[in-house]
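Engineer: One structure, as structure tokens, below. Some questions next.
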Amino acid sequence: MERYLRKNFDVEPKRPSDEALRRWRLAVSVVKNPRRRFRMVADLAKRAETERKRQELQEKIRVAICVNKAALQFIGGIDSTTTSGKQASYGLSIQVREAGFSIEPDELVAIVGPHDTKRLEHHGGVEGLAKDLIVSLKDGVVSSDIPVRQNIYGLNRYAEKPSRSFWMFVWEALQDLTLLILIVCAVISIGVGIATEGWPKGMYDGLGILLCILLVVLVTAISDYKQSLQFKKLDKEKKNIIVQVTRDGCRQKVSVYDLVVGDVVHLSIGDQVPADGVFVSGYSLSIDESSLSGESEPVDVAEGRPFLLSGTKVQDGSGKMLVTSVGMRTEWGRLMVTLSEGGEDETPLQVKLNGVATIIGKIGLGFAVLTFLVLTARFLVEKSLHNMITEWSASDAMKILNYFAISVTILVVAVPEGLPLAVTLSLAFAMKKLMSDMALVRHLSACETMGSASCICTDKTGTLTTNHMVVNKIWICGESMQISKENEDVLKNSVSERVFNHLLQSIFLNSSSEVVKGKDLKQNIIETALMEFGLLLGGDFNGYREDYKIVKVEPFNSIKKKMSILVAVPGGGGGGFRAFCKGASEIILKTCDKIINADGEAIPLSEEQRKNITDIINGFACEALRTLCIAFRDIKDASNLDSIPDDGYTLIVVIGIKDPVRPGVKEAVKTCLAAGITVRMVTGDNINTAKAIAKECGILTEDGLAIEGPDFRSKSPHEMKELIPKLQVMARSLPLDKHTLVTQLRNVYKEVVAVTGDGTNDAPALHEADIGLAMGIAGTEVAKENADVIIMDDNFSTIVNVARWGRAVYINIQKFVQFQLTVNVVALMLNFICACISGTAPLTTVQMLWVNLIMDTLGALALATEPPHDGLMKRPPIGRNAKFITRIMWRNIIVQSIYQILVLLILKFEGKRLLKLSGSDANSTLNTVIFNSFVFCQVFNEINSRDMEKINVFRGMFDSWVFLIVMVSTVVFQVIIVEFLGTFANTVPLSWELWLTSVLTGAASLVVAVIMKCIPVGPTQNTAEHHDGYEPLPDGPEQA
């Protein structure tokens, strides 16, 4: 079986090939309900059509923009007054005029969509548009105006397909071919029964089948409907982007859904442009429009080219934009509404279980046909022996119909339609729980794959640490000093006013943050720490920003590891320009050839001083402080202001910032190591800081290796192969280093790698990893888009929780498969053997449908939604190519099946004697006992399946409320069926002694399981590389 599954039903968890997806679809057969089975499977034809439409639309948008640019250049010489006259001819609607606005929504679309600079100029540029929209570019929209703006200019939402109603799921559940056949059989049975046995006795058998089918359909539809609601809620959460706007005169965070025309939006590297708009102000703003136009070259946005389109990404720089169109009026909105998604790729487990269902379905179909042939042949032989082969009555027809119904019911039970859908159920449950635990799963397969993770490459800042930075220590003018709120005047009294002024200038001017009281903004945490430090020293942020005009900004990025700014110095300060830069200590120190002294004078930086400063930096780093340097350079020559100088700076200060380790991280790392998951820290920070934090977290051990990015990059492939197994910390790394490490771990060492990232440049590593984990707080939209899971609280402990749930999903599906295969084997063999020997099936159609409901939908609910327990993180990870149905599972299935088949066959053929049954209803009573015992065998086997190895199967059972509800519901319904619905289910009420017999027969499977788990199972081959997901069987006291 495993060879067949790997050949036909094996797909990659991430970006599977179209060939593999098509291969397993062709291999699937014996499907009872294709609409339900393949509901969560990608529609490849629709996906190809969507991609074709997307490319066509992108080409149209690209051509439209190019043609418009050419046309505008061509008509550039035409008299502007004529053009203005033509453009001014449109009138305002009453609705717009009454609201006080001076521009129509369609006019805004006509300006930004085709990049019409002439129309923009006609309206007075950006300031004119702001005036038309009654908005201040400085203070933004007034909150009280938002409903009016939404009413006239629309909501920032895209048209979505209406969600499917509950009755659609009922209709889908009714598409099951076997159920449709049984409905026809039931209707015929009612007709023939009434004709032969009269009303109402003749209708009971057929009506019982119909009622049972109705119950199966309703339970299935309710389960599927609840899943769809969960996925819809998660999908909405995935699309919800938080943007920063200026409203009511201050900067604040809002949902992308609450954005309105007139909002002033703040953009920075990695952000997605949330609506169409025009550029207000900014520095070095570069936009990637490939998602919209297909053009890979980034577009520089400035006053001369001010148009910004929704759905594009900020590649570099920062800026502000005025929103002009939202929702369905944007280019992105029109693109989205034209396209319908082809669905998400199916997960490896879904595919594998489709394969298992296909194999068992074929076997079941064979047994169903064989059972019908055996029953019919016996019936015909009996008629021949009694010389009645030519005499046929309605009762004979009913017998043949009943044999056919039994065979179809065997097929209902034999084809495990619920197997692939159990994966969806388990994943939906896990995703819902993870959402409440601050992890948003973007791709279904990530939930599965995380259970196999053998390595986590994690960032340091914000993930292992608290993400709340405070300036703890500084070195300035040759002196080190501790910084706290209690000694805020120490620095002011220790240095001259000129040095103090330079320091405050460098903090407040060379910053991408703003000071906004009472608002929790998504700002760089280092910037926030520096701002708080500057305010602690008594600095005036707004005062410095008003006195100095910013000429050019080079924002921080993870490659340069520094931020630079050029400002015009006011005339009173001697005029000219001043450049400030700050960033990684050693990088800034290399750019400096002077240092500021206590009097504020720039003096040459000697080699001895440089060595001393390097020692200071390393000393700070060894105290687990994040270090950075701040420097400045005065520029008198204004001839070349296109770029900010890279050298010739004067060092002002070395700053040590404290970012404590998060509570619980050390325990989480310990949990990972116990679970066989290697944790590696990959950070852009100083190596000494990284080592100190890694030791505190328990990541860096005595025999572990810490290396810097430049050293790692310089290694040959052979050297890398030797050092990577020992590598635990990589400091001063570039995003490319992280990508290289992930690629090596996956391709050379066959590790299943999870990697964290927050920046735009982390996107390739997140994309390459088996599981990309983006940070929800510090992460950019580009990083989140390339990730599989978003860690909402940026906490390492949450990552470990995702791994725990990933393992729970895998193990839960294995439990359910073990349980369902046992029921399949017993039902098939029992009916077939009894048909061959006695010519009758021990279980009726209604009884078999009830068993099918127990093992399919209810079984999946009970076993596939079990919460994780601590034992899951005390075993090695599940290997990439591990066998899904393990030897332990086969042992459990075979032993339990043998026990159940033997017990039920003994009851069938020796039951009357053993139970001392006599009288006219002896056969009915015996058949009811067999049915009752069979159901209780499944109830107790469901409990057995909770742990496939350990003897104590009751551990944590009372923590799983879903499991308990299913168990209680099953027993209650069984009592009702036996005691009160005998007319429909062909049962009779039982005495307490027979009830006890049935329950004890089922409960004995617990004892069988204890004995069975002592049977040794040979180790799986290559357990080190491809572990089968289970720890070795325990011995002695541990076994209990």
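Even glycines carry a Cβ here, placed using N, Cα and C.
What you see is a predicted model, and the numbers here were worked out from it, not measured in a lab.
TrEMBL lists these features:
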- 40-67: coiled coil (COILED)
- 120-194: domain 'Cation-transporting P-type ATPase N-terminal' (DOMAIN)
- 177-195: transmembrane segment (TRANSMEM)
- 207-225: transmembrane segment (TRANSMEM)
- 359-380: transmembrane segment (TRANSMEM)
- 400-430: transmembrane segment (TRANSMEM)
- 821-843: transmembrane segment (TRANSMEM)
- 888-907: transmembrane segment (TRANSMEM)
- 961-982: transmembrane segment (TRANSMEM)
- 994-1012: transmembrane segment (TRANSMEM)
Engineer: For a three-state summary based on DSSP, what are the helix, strand and coil counts in the domain 'Cation-transporting P-type ATPase N-terminal' (120-194)?
Structural biologist: 48 helix, 3 strand, 24 coil
Engineer: Which listed stretch (177-195, 207-225, 359-380, 888-907) has the most C-beta pairs under 8 A with the transmembrane segment (400-430)?
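Structural biologist: Answer, by Cβ pair count: 359-380.
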Engineer: State the residues, same chain only, that lie 6 or more residues beyond the ends of the transmembrane segment (888-907) and have a CB under 8 A from a CB inside it; answer 'none' if no residue qualifies.
Structural biologist: 814, 817-818, 821-822, 825-826, 829-830, 833-834, 842, 914-915, 926, 929-930, 933-934, 937, 941, 944-945, 948-949, 1001, 1004-1005, 1008-1009, 1012, 1015, 1017, 1028, 1030
Engineer: Quickly jot the same-chain residues contacting the transmembrane segment (207-225) by Cβ under 8 Å, restricted to those at least six beyond its ends, or write none.
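Structural biologist: Distant Cβ neighbours of the transmembrane segment (207-225) are 36, 39, 166, 169-170, 172-174, 179, 182-183, 185-187, 189-190, 405, 421, 425, 845-846, 849-850, 852-853, 856-858, 860-861, 981, 983-986.
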Engineer: Cβ under 8 Å to the transmembrane segment (821-843), counting only same-chain residues 6 or more beyond its ends: which ones?
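Structural biologist: 360, 363-364, 367, 370-371, 374-375, 378-379, 382, 406, 410, 413-414, 416, 851, 854-855, 859, 885, 892-893, 896-897, 900-901, 904-905, 908-909, 927, 930-931, 934, 937-938, 941.
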Engineer: Averaging the per-residue pLDDT over the domain 'Cation-transporting P-type ATPase N-terminal' (120-194), what integer do you get?
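Structural biologist: The average pLDDT of the model in the domain 'Cation-transporting P-type ATPase N-terminal' (120-194) works out to 85.
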